[in-house]
Ligand SMILES: Nc1nc2c(ncn2[C@@H]2O[C@H](COP(=O)(O)OP(=O)(O)OP(=O)(O)O)[C@@H](O)[C@H]2O)c(=O)[nH]1
């Protein structure tokens, strides 16, 4: 019995060894799976493998990494610096320069400044939309100074005229934009004005001005009346990397404005810029809507700056509309858009004088960087077509 057991065990051992010798070479010969070559193969493998895990470099790494396809975002634009823009864009004031500057300088070059000439000077200023009161003041001062100083040469007269125009623009006014963030929150800028004045375009340009000056910006598309306005604003923002907060068409502008400021706080942006709708049929409607936007935004904190966009080509008519806005919101600065499209650059003087609010920026074209910080002396030089040195002489 014992012998049978030993023989059976020996046979079993032989069988096991024989079986192994058949299986092991096959395992050794088994080919490596092919490396994925196409994106489709890779995707299929990834699908089987489950969610992707971070690649870890190890001794087992094949060294072949298959990069995911790269979707190229359009490169962000770098807006032009704002310093010196008015000087660079001075040729855009050529219409006004031809009508006002050349005319005035021609009159002042006459040999004899008689009563008729002074009247013609007055007419030229009034035609250029300087406004009757401002014109009288400018001409009276100019006459007085000419008499006292005994000025005769055309160059001296030009310098005196330039000085009076600068004086009428009150160079002491603070024209800086209040864009420095407050503690715990961004600075908030509200942009108001009638429809077509160039609000959305100017909002986009202001965002670029701020970004050029090193600020981060969140845009609020609270002009929910015109669906395209939000698209337009988003396109402006996208070009310089500013996020745009928008609501559905016809949404409550106040809630969009509120969300934009909240987003600005969360994202830690420096400035929130809110575009509003101006398409309101009457003063009551305007008061209601803008008043609500203001109240709701102020739940986050005070509004730092309210900019009124005025179309320079509407001249004195625009001033009446402007007054309505100043009654509803506390306008802290005026942006005169489309100054390139008028021969009546004198409107800048009238606007400031009538509204008592500084012109802070001027629009000088449809290009993205055609918005310049306003500077009275540079503006007058551009308007008269004189070089700064001639005025200072
Ligand atoms: N030439 C010139 N055109 C300008 C200037 N600023 C704005 N525009 C043009 O004015 C037109 C109206 O501008 P929008 O920004 O759409 O005006 P809006 O006030 O937002 O209009 P609504 O959204 O309808 O209320 C556009 O064709 C702008 O390109 C400027 O400084 N110069």
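The backbone N, Cα and C atoms fix where each Cβ goes, glycine too.
Per TrEMBL, the features are:
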type	residues	note
BINDING	193-200, 275-279, 337-340	GTP binding site
DOMAIN	358-371	domain 'SRP54-type proteins GTP-binding'
REGION	30-49	region 'Disordered'
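Location within the structure of each feature annotated in TrEMBL.
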residue : record           : DSSP class
193     : GTP binding site : coil
199     : GTP binding site : helix
276     : GTP binding site : strand
339     : GTP binding site : helix
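The list of residues near the domain 'SRP54-type proteins GTP-binding' (358-371) in space but at least 6 beyond its ends in sequence, with Cβ under 8 angstroms from a Cβ of it, reads 77, 79-80, 85-86, 89, 92-93, 169-170, 173-177, 198, 201-202, 204-206, 208-209, 212, 236, 239, 307, 312, 333-340, 348, 351-352, 379. Proximity to ligand 1 (Cβ under 6 Å from any of its atoms) holds for these binding-site residues out of 196, 199, 276: 196, 199. Here the domain 'SRP54-type proteins GTP-binding' (358-371) has, by DSSP, the following mix of helix, strand and coil residues: 0 helix, 6 strand, 8 coil.
Around residue 276 (GTP binding site), taking its Cβ as the centre, 30 other Cβ atoms fall within 10 Å, counting all chains. Residue environment of residue 339 (GTP binding site) contains 30 other Cβ atoms, counted within 10 Å of its Cβ in all protein chains.
Packing around residue 199 (GTP binding site) is summarised by its Cβ count: 26 other Cβ atoms lie within 10 angstroms of its Cβ, all protein chains included.
Taking Cβ-Cβ distances under 8 Å and a sequence gap of 6 or more within the same chain, the neighbours of residue 193 (GTP binding site) are 199, 278, 308, 309, 310, 325.
When averaged over the domain 'SRP54-type proteins GTP-binding' (358-371), pLDDT in the model lands at 95. Other Cβ atoms within 10 Å of the Cβ of residue 196 (GTP binding site) number 12 in total over all chains.
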